[in-house]
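First the structure, in the form of structure tokens, and then the observations on it.
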Amino acid sequence: MKELVSMSTLEQTRAIRELTRSFEEKKRIRNKVLAFRSVKKSHEFTWFAELSENASLFFRRCGYTMRSARQALELWHGVMKEIGGKFGSSVLTYFMFLKWLLLFNIFSFVVNFSFITVPLLVYDPNITSSVHFRGLELLTGAGYFTHTVMYYGAYSNETLQHGVEYNLQLAYFFTIAVYMVLCGITLIFSMASSFKKNFVLVDPASTSAWQLLCSWDFSVTSEKTVTQRKNNLRVQLKESLSEKAQKELLTLPEKLKRFGIHLGSWLVSTALVVGCAVSIFFLCQYEGKLFSQWGPGAASLQQEAETLLVPFVVSLLNLVIPLFFSLFNKLEHYSNKRSQIYTLVIRNVFLRMSVLGVLCYYWMNEVSLRAPSQCWESMVGQALYRLVIFDFLFLMLGSFFGEFLRNVIGTKLHRRLGSPEFDVARNVLDLIYAQTLAWIGIYFSPLLPSIQILKFLILFYLKKVSLTQNCQPPRRTGRAAQMQTIFIFLLFFPFFVGAISIVGYTAWSLNPSQNCGPFRGLNQTFSVVEVWIDGLQSLPGSGWAVWIYENIIRSELFYFLVTLIILGITYVFYQLIQGRKELIGLLKQRIVNEGKDKSYLLDKLQNLHMSRPKKDTRQSKDGRNSHQPSLSGHSDAVRQALLARQQAEQEEATYSDGVSVPADISTSSALMQAMLARQKAERENEDYYQRAEDPPSSFSALSLAMEARQRAEGEMLQENYRKEHFYENPTTASSAVSQVMQARLRAEESSAVMQVMQARQQAEQEAGMQWTDVQLQNQAVSSSSAVAQALQARLRAEEESPASSVMMQVMQARQQAEQEAGMQWAHVQPQNPAAVGSSALIQAMLARQQAQNEYDDGY
Amino acid sequence: MGATASQLDKGMLSEYQELTYLTKQEILLAHKRFSELVPKEEIDRINCRIPMNLVLTLPELKSNPFNERICKVFSTSDSHDGSLNFDDFLDLLSAFSDSATLEIKSHYAFRIFDFDDDGTLGRHDLEKLVNCLTGGTDDTNLTPEEMRQLIDNILEESDIDKDGTVNLSEFQHVISRSPDFVSSFKIVL
């Protein structure tokens, strides 16, 4: 409550919201806090406070409005909900990914259009083509489009002079460079954050717990899907159980057979990929030969149509070969679903990579050298345009044949097949491939993103319709979030890096066309920067830019140093990770140990409760036991000590008689004291039995003792409870050590449990300290005059031997002792002795147990 | 306290915004949906409750295997009959909304899964949970042996202190290691 009041309004709102209470309770708390605040404020009422309060309220309202507005603006909110509701979050991943890529392309289009195309159009608005529009251009991208702003060739290398200078060369270069760099950074950051979230924290061992505790998709709303999911989950569970049972039974020939199938399918798929790559390469060369036979001027319609051959074949291969891969995948036997998916993904990536690699090789090494008269960049741009368009067509065909026809066959002809599943992995790879084409093409055809935007928009609705009409939800739901991370990673690693290196290679090493495009007349595209810097040198006041260029961008030493630093940082982080892993292992072990201790103590406690009526035998048994296991290690000793303490407590509460423990508290550990106390208690016990000849009296004394003990325990519990609450306030009573521990744990983003455990341990430590207090107090009691009085009382009682009087006497003695104890408590408390090192563990255990009980009760 | 079923005034709305993770539109939508469920004769009563069977007619909850548990957990009714008033209903939506923290979500998930309300997930709870998740006809259900093995597996993986039950912190530990949870523990109107 106090914490809440002292917080700022924003934090306070958040804290209240995070309470896991019912709404009404939250409201009550909030009102209380607000009331408290207004009372406080009335004391120190100033116009400034009011103003700031109003301002913060205003900003908060603004924040709410913004949040609402953002949600309203969010693209396809309803559609996404519908898909998630019917097919679950793993299929939703595909659509999220599609949306994400679409945003990339919109950004790229806006940037390119406004920084490259608009200036050109302003400068020279009437770029007209010599060829008439014939319709086929939509597919080929050639003909009419060749000399439009669509391609590299149409851009000018001049500097605009409308009031301000605008260098089109530089604009072209920097726009694309900045876009690529921004893409890279975005990818790296989203990859890193999603990796951190989805991989680092994930525990690979907990599959069945995960399946049951966290995999249920609450957003699924359709009845059919729910039953389907239930069935799927049941099948999965059964399979995983039988797999676990079966794993050991696999014989050597079976293993060999499986291995052989794996090897075979890898070989075949690699051969397929290589075959595809080689055939595409020869096809390209053949097409090149055809082109070189063309005369100058406009190509005929047939010639133009011939250019469609390569994209057609490439897209066809991209459609068909993955089907073979899926077939292999069905033949192979995988121990778990994940490795199956990963194998499929790897093979597909391999295929796409080699196809794209061959095409790029062909463009870079043959097209770029071929025709000095023609604009080779535009030709590459056209080729990419065709690929993009054909890829789109084949994606549509794919969803028609793969999903619609398959559904018709599955539901009408072969009932056994059923509706097809939506293959998230394959579809996402298609998207990645499409996006890579757009990235490569951005240098050659700056407006390609516009085509891409259209393509993705249509694809989104197409896939949505196809999904809802034809498909059933995937039978197995993998970890959707992890798959998403892998997709982002794939998008980055082979594909984006490949695209950027091709664009980079083009800019650094290839000769731009001499007659067209913004870089005509230069040896390399990059020399545009050199020319610019040369121009800058003559200008005053731009020395810093030249210096940066000379000393940073162009110096190898700089990059070397940067690389070294990054490597160093990586190494440090690696070491940190290793250390933390070790730490986590240790902490886990500790939790297990504590759990064992806890259960042991609970057992013990239960036994004590059960054996209460026959306590004397029990105690003597304990006494006998205590001598044997002291050899068997520390933990036994701890237990013994615990027992001892309990006994000692009992004894002390009942008799309070003359146990004069050495008052040398500071040196002897609590453990020792406990042991001592116990021995004394035992002795006392024996004493007592020897001396108390009258059985009824001893019995009643015992029952009194029990009562007293219970009361003492109750007090203790209360005390602990209070303490616990007190310690919840982290600023008041947390020791430096535990804070450091916590901070470290938080830094390493270890799990909630760890922190909770840590917090509990902290509480335990505190509790331990408090226990020490109690003990000290006990010591004090025992050495105080109360002891003497109690002794007297008891002696008297023994002399007078009748049962009733003994009871009375003991009662009196106890009361006195309690009073004394209360006084002593007051004395001891302010001293607050230092925590007694290792022995605090035992006490902490007890305290924790009690805390646990408290918690359970509270819950 | 509480809203009349027929309208929401502005102060109420901002209070709801402050205390839940919902946006204005979501609260208004929730209110609309809630009012549709309120029986005619009670529409002007302050703070009226909808009985559980009516709440469960909402398509968002209808087919959820935990729908009754959800109602019971979020209900503040004294008779524990799972009936919800508007505050409870918002509370429910808030916990299942996109912006609720992992802490809140896991807390409520734990309570939903804790069928006997004893504060830990014991074997009995886990068994019920498995039945809810795989539920179906008797012949396809898991055999007792499979069930036992499955629960053993769960306990082995998530019961860190080996006391035979999964308590809240252990549960949150498991949850914190499964990033999908936040996106799947979601009900949107």
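Any Cβ shown, glycine's included, is placed from N, Cα and C.
Annotated compositional bias 'Basic and acidic residues' per TrEMBL: A:613-625, in sequence order.
According to TrEMBL, the domain 'TMC' annotation covers A:375-481. The predicted model assigns the domain 'TMC' (A:375-481) a mean pLDDT of 87.
Marked as region 'Disordered' by TrEMBL: A:611-634.
The transmembrane segment annotation in TrEMBL covers A:100-123 (among others).
As annotated by TrEMBL, transmembrane segment applies to A:135-154 (among others).
Under the heading transmembrane segment, TrEMBL lists A:166-189 (among others).
Residues 306-307, 309-310, 313-314, 317, 321, 324-325, 328-329, 331-332, 347, 350-351, 354-355, 357-359, 361-362, 366-367, 370 of the same chain lie 6+ residues outside the transmembrane segment (A:263-288) yet bring a C-beta within less than 8 angstroms of a C-beta in it. The feature transmembrane segment is assigned by TrEMBL to A:263-288 (among others).
Proximity of distant same-chain residues to the transmembrane segment (A:308-329), defined by a Cβ-Cβ separation under 8 Å and at least 6 residues beyond the stretch ends, is recorded for 139-140, 265, 268-269, 272-273, 276, 279-280, 283-284, 287, 340, 343-344, 347-348, 351-352, 355, 359, 383, 386-387, 389-391, 393-394, 397-398, 423, 426, 429-430, 433. Under the heading transmembrane segment, TrEMBL lists A:308-329 (among others).
Summarising the annotation, TrEMBL assigns transmembrane segment to A:341-364 (among others).
Under 8 Å from some Cβ of the transmembrane segment (A:384-405) lie the Cβ atoms of residues 138-141, 145, 150, 307-308, 310-312, 314-316, 318-319, 359, 420, 422, 430, 433-434, 437-438, 440-441, 444-445, 448, 451-452, 455, 458-459, 462-463, 466-467, 469-471, all in the same chain and six or more residues away from its ends. Residues annotated as transmembrane segment in TrEMBL: A:384-405 (among others).
Marked as transmembrane segment by TrEMBL: A:485-508 (among others).
If you look at the transmembrane segment (A:557-577), the same-chain residues 6 or more away from its ends with a CB under 8 A from one of its CBs are 551. TrEMBL lists A:557-577 (among others) with the feature transmembrane segment.
At the 8 Å Cβ threshold, with sequence separation of at least 6, the transmembrane segment (A:485-508) lacks contact with the transmembrane segment (A:100-123), having fewer than 3 such pairs.
For the transmembrane segment (A:166-189), the neighbouring stretch richest in Cβ pairs under 8 Å, chosen from A:100-123, A:135-154, A:341-364, is A:100-123. Within the chain, the transmembrane segment (A:135-154) has long-range Cβ neighbours (under 8 A, six or more residues past its boundaries) at 117, 120-121, 127, 129, 298-299, 301, 304-305, 307-308, 375, 377-378, 381-382, 385-386, 389-390, 443-448, 513, 516-518.
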